[in-house]
Amino acid sequence: MLAKKKSKGENKAILNFSASVLAIIAGLLFGLLILLFSNPSQAFPGFLMILQGSFTDGAFGIGQMFYVATPIIMTGLSVGFAFKTGLFNIGASGQFTMGAFVAVYIGVKWTWLPDQIHWVVAILGAAIAGALWGFVPGILKAIANVNEVISSIMMNYIGMYLVNILIVKHVYDQVKNQSKPVAPTANLPKAGLDQFLGPNMTIGIFIAILFVVIIYILIDKTVFGYELKACGYNPFASKYAGINSKRNIVLSMVIAGALSGIGGALLYLAGSGKYIQVLDVIAPEGFKGIFVALLGLSNPIGVLFAGLFIAHITVGGYNLQLYSFVPEVIDIIISAIVYFGAFALLFKAIIRKLMTNSKKEGEQI
Amino acid sequence: MSILYFVVQQTMFFAIPLLIVALGGMFSERSGVVNIALEGIMVMGAFISIFFINTFQNTLSGQGLLLLAILIAGVSGGIFSLLHAFASINLKADQTISGTALNMFAPAVAIFMARMIQGVQQVQFTDTFHIVKVPVLGDIPVIGPMFFQNCYITTYLGVAIYILSNILINNTRFGLRLRACGEHPQAADSVGINVYKIRYAGVIISGVLAGIGGLIFVVPTSTNFNGSVAGYGFLALAVLIFGQWRTKGVLGAAFFFGIMKTLSSTYSGIPVLKDLPISNEVYKMIPYMATLIVLACVSKNSQAPKAEGIPYDKGSR
């Protein structure tokens with residue numbers, strides 16, 4: 001009986017996983033079609049370039065992939081974690097931006113901190129700022145039943161404009177219309193990794209992996225995680241079972257916000273020459289996080305690999321310019337993958353049919 | 001007085017596209033389909049129609065070209081929205097997810113196509129649509145300079161769309177059916193209404209209006225299209241909720257947001273506001289904060305369509 005149950009669970013996991021893989025394949029094929037449509041002679045070498053992605057540039061390419069993957073793994077974790085509680089955290093962008101600003105602010109201003117802990121404090125500050133930005137939609141949802149999707153979108157814009165104001169006021173580089181560079185002690189340690197993995201390589205990716213593990217344990221191995229999931233699956237049943245769903249909604253959004261905020265810190269403290277621009281543009285890392293979470297099925301380990309995959313083809317997109325293609329094709333592919341991910345029910349039905357068919361054939365033999 | 005005229009004229013440029021797109025969103029949501037793809041649909045409509053203007057502006061010009069472009073923007077928006085309709089109605093997918101995908105898809109396609117076709121991502125166009133003064137009407141004191149000088153025909157189109165939408169959703173058989181599908185699709189189905197068809201209609205109307213909205217947002221405020229409508233689709237979503245999914249509410253909300261947007265871009269030209277220690281970013285923030293506050297106050301008795309966001313499944317009850 002137990003074995004049967006387990007195999008059923010495994011089947012479900014395989015089903016979900018294959019649906020994701022099918023969505024990826026469909027998205028990539030769609031990208032190939034776009035390439036063929038726009039420039040047939042270069043399409044296949046260009047497509048190979050996308051698949052090769054970061055491996056084209058050897059070890060430096062892999063370092064670049066880690067650099068691109070780090071923030072979107074964090075925002076992906078954030079969105080995925082909120083999904084587990086049945087909340088759609090479309091506000092990862094705002095939380096990310098707030099975190100990025102506080103990290104940069106601490107990095108520029110708090111030079112009185114001891115060198116060794118300067119970057120740690122900056123990351124902590126970013127986590128608190130992100131948590132605050134997640135707290136607002138959370139508490140509004142818990143108290144006033146405000147739809148978290150809409151309030152998160154509002155918080156994205158409020159955060160963006162607020163950060164623009166704060167940068168101009170406190171850490172403004174007027175010539176380049178962006179934030180000032182942080183003190184060297186605020187940058188993430190490179191631990192010698194930059195020697196062979198390229199200049200943008202820091203320990204950031206390991207911090208991200210650390211959080212993947214923490215969130216995995218939190219969701220799957222603790223009572224708190226169990227309660228969160230229960231609220232996500234069936235809020236009424238969990239309320240009946242005595243779970244404080246309001247507290248869980250707020251906590252879930254706070255943790256999700258903190259994760260996104262840390263993502264902002266890890267990107268802007270990487271010492272890669274990237275600064276916060278004073279523009280009226282919502283941080284794209286937040287939206288990428290939604291895609292990472294969807295592709296990774298909200299599972300922390302899945303999020304890790306989804307983030308690496310998206311970073312992989314993004315780096316491939318830069319190289320695509322060698323074949324006179326525009327890197328935006330990568331965004332087209334990613335959004336197509338997510339759109340096809342919406343076909344999950346259809347894909348699952350197909351796979352289930354295939355699986356039962358092959359089983360029947362096996363029985364016949 | 002001239003400042004007042006200027007502010008009113010500017011407000012029109014911001015409020016009319018918001019009004020049209022939010023009305024579009026209303027048709028979709030009141031049929032029961034959440035449409036956060038408005039932003040992407042706007043980008044798509046704006047891109048294709050402005051590309052059309054860019055191509056034909058040597059042979060055509062003036063209002064004829066603009067009207068053709070509006071037609072094209074509407075058609076392309078409608079077609080693009082079919083992707084959302086298919087995923088959320090036929091495949092019963094999560095409506096926010098397919099909407100998010102379209103929001104990323106549209107600007108990527110717009111930039112990709114523009115750069116592949118013409119090398120740069122900005123699509124330029126010459127503004128031959130500006131009306132300095134409408135004959136006769138423009139000479140009326142006060143009202144003339146406010147509404148019939150320094151304007152575009154899109155303003156009047158917006159007013160027409162508002163009146164038509166109001167009648168369509170509140171006073172026609174189709175409107176009643178559409179609202180029924182958003183409130184209780186099972187009940188609607190039981191009396192012989194095809195829920196899928198009605199929802200398709202709702203999404204397509206929203207696509208057409210959002211496409212048009214994309215074009216008429218870009219035309220008065222810029223001379224090129226850069227693959228973005230500056231978050232107007234999301235702002236329109238806020239307008240829709242601020243207006244509580246009702247035509248009159250949407251009208252009021254669109255003009256409130258339009259005025260705030262105008263203040264943020266023109267406050268340095270207004271003596272009273274210039275002296276206040278408020279930066280233009282604050283004016284930009286106000287619409288979003290106001291929406292949050294209103295949401296917090298009214299969400300307990302929200303007027304949102306009851307079946308919004310839930311895929312209709314004939315088998316379930």
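Using the three backbone atoms N, Cα and C, a Cβ is placed for every residue, glycine included.
Annotation comment: TrEMBL describes A:14-38 (among others) as transmembrane segment.
Residues annotated as transmembrane segment in TrEMBL: A:58-83 (among others).
Annotated transmembrane segment per TrEMBL: A:95-113 (among others), in sequence order.
For A:119-140 (among others), the entry in TrEMBL reads transmembrane segment.
Positions annotated as transmembrane segment by TrEMBL: A:152-172 (among others).
Under the heading transmembrane segment, TrEMBL lists A:201-219 (among others). Within the chain carrying the transmembrane segment (A:201-219), a Cβ under 8 angstroms from the stretch's Cβ atoms is held by residues 63, 66-67, 69-70, 73-74, 77, 81, 84, 123, 187-191, 193-194, 225, 228-229, 259, 262-263, 266-267, 269-271, 300-301, 303-304, 307, all 6 or more beyond its ends.
Within the same chain, residues 70-75, 77-79, 81-82, 84-85, 87, 89, 91-93, 95-104, 107, 119, 122-123, 125-135, 137-139, 141-142, 148, 179, 182, 186-188, 202, 204, 207-208, 211, 215, 224, 228, 231, 275-276, 283, 285-286, 289 sit at least 6 positions outside the transmembrane segment (A:249-269) and bring their C-beta atoms closer than 8 Å to a C-beta of that stretch. The annotation transmembrane segment is assigned in TrEMBL to A:249-269 (among others).
The transmembrane segment feature in TrEMBL is assigned to A:301-320 (among others). Residues of the same chain lying 6 or more positions beyond the ends of the transmembrane segment (A:301-320) and with a Cβ under 8 Å from any Cβ of it are 20, 24, 46, 49-54, 56-57, 61, 64-66, 68-69, 72-73, 76-77, 80, 208-209, 212, 216, 288, 291-293, 295, 326-330, 333-334.
According to TrEMBL, the feature transmembrane segment maps to A:332-351 (among others).
The stretch in A:14-38, A:58-83, A:152-172, A:332-351 that contributes the largest number of Cβ pairs under 8 Å to the transmembrane segment (A:95-113) is A:152-172. Between the transmembrane segment (A:119-140) and the stretches A:14-38, A:58-83, A:152-172, A:332-351, Cβ pairs under 8 Å are most numerous for A:152-172.
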